[in-house]
Every structure is written in structure tokens, then in C-alpha cells.
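Okay, so here's the structure we're looking at.
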Amino acid sequence: MQTLKVELANRSYPIHIGRHLLSDASLILPHLKRKHVAIVTNTTVAPLYLDQLSSSLKAEGVTVIQIILPDGEAYKNSETLNIIYDALLQNRCERSTTLIALGGGVIGDLTGYAAATYLRGVPFIQVPTTLLSQVDSSVGGKTGINHPLGKNMIGAFYQPQLVLADIDTLQTLPPREFSAGVAEVIKYGLIRDADFFDWLETNMTSLMQLDEQVLSYAIYHSCQNKADVVAKDEHEQGERALLNLGHTFGHAIENAMGYGVWLHGEAVAAGTVMAADLSQRMGWLSDHDVTRIKSSFEGANLPIKPPSLGVEKYLDLMSLDKKVENGKIRLILQQGIGKSVITSDYDAEKLKETLAV
Ligand code: NAD
Ligand code: MG
């Protein structure tokens with residue numbers, strides 16, 4: 001098992017990465033105020049992993065309440081949040097009860113927000129079971145739900161006590177979901193860690209085969225990069241926005257194609273290729289580096305060709321997503337591998353060339 005610490009003063013917490021963590025209650029016990037937990041999960045993850053986690057805790061004398069929600073992004077809303085509050089109230093959960101999120105990013109975001117708001121805040125623990133949630137959503141303290149008028153519009157910054165990333169759970173993850181998580185892994189290399197990107201190029205085949213050592217290394221270094229960014233800019237006033245590389249283009253793709261048609265990671269992959277294309281047109285990135293970026297996504301079975309939506313549609317959707325500065329959308333672009341910048345200092349005509357796919 002490897003451990004890494006997210007440094008946020010009195011809100012610092014450890015991330016444990018390794019195998020067999022779900023059945024090791026000793027990792028959780030020191031973080032409980034009282035031997036009373038509510039595990040929140042969904043109908044897909046419950047039959048796979050709920051029993052393993054519950055029984056290891058019960059064996060240590062912990063009272064376990066189970067809250068099983070329907071599965072899907074469509075349920076990341078206030079109705080589902082109320083199901084959690086109802087169960088907590090019916091079971092007389094107190095401020096000393098710890099909520100445990102067992103599942104992907106949807107469960108993590110919902111449970112984290114429930115924890116931030118129930119009785120004005122109760123402790124919570126993340127047990128992420130998708131690659132995306134292990135490398136991205138469980139780190140950094142963003143929690144929340146969707147509103148009919150926008151994704152992730154209601155939420156809170158709220159840090160967990162602990163993250164347990166058990167890599168064994170990834171064995172049952174559908175390959176497409178695994179690839180979507182790899183898109184965010186590649187992103188960390190591109191924005192700030194050229195050595196990690198080099199390493200990924202060498203090890204992509206083993207990563208896709210879920211090689212234990214390679215997987216642990218990739219998750220550790222992804223979390224480390226995200227934790228470093230978050231430690232410097234917890235509330236996204238500056239540098240944290242770099243984590244959105246490929247996302248402004250990607251959100252336009254997700255939105256235009258209909259949410260869920262392209263997975264988020266797939267749209268981020270194609271979106272990052274668009275950011276690289278514009279960076280290359282600006283003379284900031286070499287042809288060779290653009291090829292390396294495309295090959296890394298292809299190695300993860302991710303799409304590199306964006307859909308042809310037309311320039312105007314792309315511009316419309318992209319300006320919905322991001323603040324406009326001097327009439328131009330601020331973008332995350334590349335000034336080399338491992339070096340991203342937040343800028344509106346690009347040529348608007350060249351952006352149109354990139355969008356004319
Ligand atoms: P998800 O939670 O929907 O999980 C994907 C699918 O895999 C679901 O059907 C889920 O039930 C299933 N699943 C989960 N673990 C499994 C396992 N081990 N084996 C088999 N199936 C499993 O999707 P996700 O990609 O994990 O997360 C996406 C969500 O995360 C979005 O709502 C997004 O907004 C959010 N997110 C949040 C942050 C943040 O900082 N808080 C960052 C990125 C994404
Ligand atoms: Mg993302």
C-alpha cells in the first residue's frame with residue numbers, strides 16, 4: 001500500500017492506494033469519532049463491494065447503515081440527496097456518524113455534499129471504485145449535485161477524512177469507463193509533469209492491462225499532481241483551473257452530442273487534442289509533441305477526432321462554459337508537454353481553424 005497526504009492545514013488527509021483495502025477496517029477505524037457509519041453506494045456497486053466493506057467494519061464492532069441509491073448521473077440531484085438525508089434522520093445519525101462514499105464520482109459527489117450539509121457537517125470518507133474517482137473526483141474536496149439548469153451547480157468545498165483507493169475494484173469496471181479515467185491521468189502529465197507523461201508513454205500497455213504496480217504508480221502520481229494543485233489553490237482562484245485542460249472543448253462536445261453519449265473522459269481526450277492543435281498553430285507546441293499527445297490517447301482507446309459541429313456551434317457552446325475575457329474565451333493551452341497555461345492570448349482566427357474539423 002502507498003500513502004500520500006493532501007496538505008490543507010487542519011483539513012489535511014491521507015490517500016491510501018493499494019490492494020485489499022476494502023476488507024481492512026484498521027485503515028478506517030482511527031478516523032471514526034464513533035463506531036457508527038452510513039455507507040452510501042448504488043445498485044451496481046452494492047452487489048460487488050458493499051458486503052466486503054460492511055462486514056470488515058461490523059467485525060470491529062461498528063454499526064453500519066447502508067444507503068443504496070439508483071445508479072447514474074441522472075440521479076445526482078436533490079431528490080436523491082433527500083433519500084440520503086431521510087435515511088440518516090430515520091436512523092438517528094448524529095454529528096459523530098461518518099458517511100462513507102462507496103462508488104464512482106457520482107456517489108462521491110452526492111455523499112460528500114450530504115456530509116457537508118447534514119447537521120451542518122459530518123465527517124466523511126471516500127472509497128472511490130472507478131479510475132476517474134480514484135485519480136480525480138475523490139481528491140480536492142469539490143462535492144455537489146446537478147441542477148436542471150446546469151451540471152454541478154449546487155455544491156460545497158468539503159474535504160474528506162480519508163480516501164481509500166482499492167485498485168482491486170477496477171477489475172470489474174467496464175473498459176470504456178477505465179479508459180475515460182485514463183484521459184484524466186494523461187492530463188496531469190500534460191499540464192505539469194513531463195516525466196510522468198514520458199512514463200505513461202512507456203507504460204500505457206501495462207496500465208491498460210491493469211498491471212498492479214503500474215496502476216498504483218499511475219494513481220499515486222495523478223493524486224499527487226492534483227493534491228499539489230489543490231494545496232496551492234483550494235478554491236480555484238487561479239492555478240486549479242489548469243485541471244480543466246481539454247474541458248472547455250470537451251464540455252462543448254458532451255453538450256452537443258447529448259450528455260452520456262460521449263463519456264466525459266472521451267470528450268476530454270478529443271478536447272485536449274483540440275487544445276494541442278491550437279497550441280501547435282500558435283507555434284507553442286511542436287508537431288512531434290502533438291503526435292505524442294494523440295498517440296497516448298489512442299493507446300488508452302480514447303477518441304482523438306472531435307465531432308464536426310461547425311465553428312459557430314463550438315464557439316457558442318464554449319462561451320457558455322467559460323468566462324469570456326476581452327471578447328475571447330479563456331483556454332488552457334500547451335506550451336510544451338508538462339507545461340499548460342491559462343490564456344486568452346491566442347489568435348481567434350486560429351481557434352476557428354481548430355474548430356473547423
Ligand atoms: P460514475 O460514478 O457514474 O461511475 C461510472 C459507472 O461505473 C457507474 O455506472 C457506476 O455504478 C459504475 N461503477 C463504479 N464502480 C464500479 C466498479 N468498481 N465496477 C463496476 N462498475 C462500477 O462515474 P465516474 O466517472 O466515476 O464519475 C463521474 C462523476 O464525477 C460526474 O458526476 C462528475 O461531475 C464527477 N466529478 C467530480 C469531480 C470532483 O472534483 N468532485 C471531478 C471529476 C468528476
Ligand atoms: Mg474532468
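Each residue, glycine too, has its Cβ placed from N, Cα and C.
Remember, predicted model here, so these are calculated numbers, not experimental data.
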Residue from GLU184, GLU201, GLU312, GLU325 that TrEMBL also lists as binding Zn(2+) with HIS247, HIS264: GLU184
The one of THR130, THR169, THR172 whose CB sees the fewest other CB atoms within 10 Å, among these binding-site residues: THR172
Check: same-chain CB within 8 A of Zn(2+) site center, minus GLU184, HIS247, HIS264: LEU132, ASP136, ALA183, LYS187, GLY246, GLY250, GLY265, ALA267, VAL268
Top Cα neighbour of THR169 (NAD(+) binding site) in the set of binding-site residues GLU184, HIS247, HIS264: GLU184
For the domain '3-dehydroquinate synthase N-terminal' (67-179), mean pLDDT (0 to 100): 97
Site with most surrounding Cβ atoms, counting all protein chains shown within 10 Å, from the binding-site residues GLY105, GLY108: GLY108
Spatially closest candidate among ASP71, GLY105, GLY108, THR172, the listed binding-site residues, to HIS264 (Zn(2+) binding site) (Cα to Cα): GLY105
